[in-house]
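Okay, so here's the structure we're looking at.
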Amino acid sequence: MNEDLKVNLSGLPRDYLDAAAAENISAAVSSRVPAVEPEPELVVNPWDIVLCTSGTLISCENAIVVLIIFHNPSLRAPMFLLIGSLALADLLAGIGLITNFVFAYLLQSEATKLVTIGLIVASFSASVCSLLAITVDRYLSLYYALTYHSERTVTFTYVMLVMLWGTSICLGLLPVMGWNCLRDESTCSVVRPLTKNNAAILSVSFLFMFALMLQLYIQICKIVMRHAHQIALQHHFLATSHYVTTRKGVSTLAIILGTFAACWMPFTLYSLIADYTYPSIYTYATLLPATYNSIINPVIYAFRNQEIQKALCLICCGCIPSSLAQRARSPSDV
């Protein structure tokens with residue numbers, strides 16, 4: 001039959017029918033082809049960026065201290081061993097914060113979560129324990145001033161280092177070995193995957209160590225005041241000079257202890273009273289100051305030390321400034 005004789009029973013224009021047929025064919029074809037869903041955009045929490053930045057600063061600062069102490073054979077006294085332990089712990093803490101950011105957004109898995117939280121717990125525990133060990137060492141160096149540099153003191157320092165790192169590693173292994181809340185979210189603390197009980201143990205341990213440090217620093221203040229008074233009498237210093245020296249020593253100790261408490265106390269108390277149901281912004285707001293303590297530690301304990309300052313100057317410019325070479329240690333340098 002001739003095409004011109006075909007009857008259009010629908011009464012619609014032929015162009016419209018051709019277009020409708022094309023749309024039907026296109027719809028049928030597209031229904032057989034699976035739709036490609038767009039990949040979800042990676043949304044990064046600004047708090048995680050701040051924590052990662054903090055971890056980077058921590059790592060850079062403390063890496064310098066570790067390298068100075070490791071490469072300088074003269075820095076092998078008990079005090080420098082403990083400062084090196086503190087710097088190494090803070091260095092690992094900074095690395096833990098960086099790896100936590102990388103694994104959270106690039107390599108998400110249960111294994112990476114457990115390894116990262118284990119590293120962070122172990123390193124921060126070692127950092128706090130090293131601060132306590134430094135406080136003990138300072139107390140012993142003042143209380144047993146005549147016998148402090150004996151072989152017995154070096155042995156005691158190594159025993160403290162083994163104990164504090166052994167305890168810290170054990171605390172870090174607890175989440176990895178199974179004490180976590182990955183299978184039961186109701187037991188989670190403010191920091192997943194730590195359990196509420198695990199966080200409580202860490203918080204109570206911190207409060208106990210803080211109480212010990214407070215007691216030791218009170219005793220150190222008494223010894224410093226007594227030594228400063230004796231030096232003033234021997235050298236016929238004025239009373240105002242004795243007062244200024246004592247005040248500097250007490251102020252230094254107050255700054256050290258106050259900084260430590262201000263950094264760690266908010267997160268410690270929050271971990272005791274809160275759980276996983278609380279908004280995460282509170283966890284970030286209290287955890288971030290705790291990381292600042294690892295940024296401040298090298299300034300307080302390492303870069304203020306004369307010997308480390310000399311070693312750093314030798315590395316950077318190959319000479320020791322006359323102000324460092326001639327500076328005498330005073331009772332306020334505690």
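Including glycine, each Cβ sits where the backbone N, Cα and C put it.
Placement of ARG76 and SER280 with respect to the membrane, taken from Swiss-Prot, is on opposing sides. Here the transmembrane segment (49-69) does not lie next to the transmembrane segment (200-220) in space: the count of CB pairs under 8 Å, restricted to residues six or more apart, is fewer than 3.
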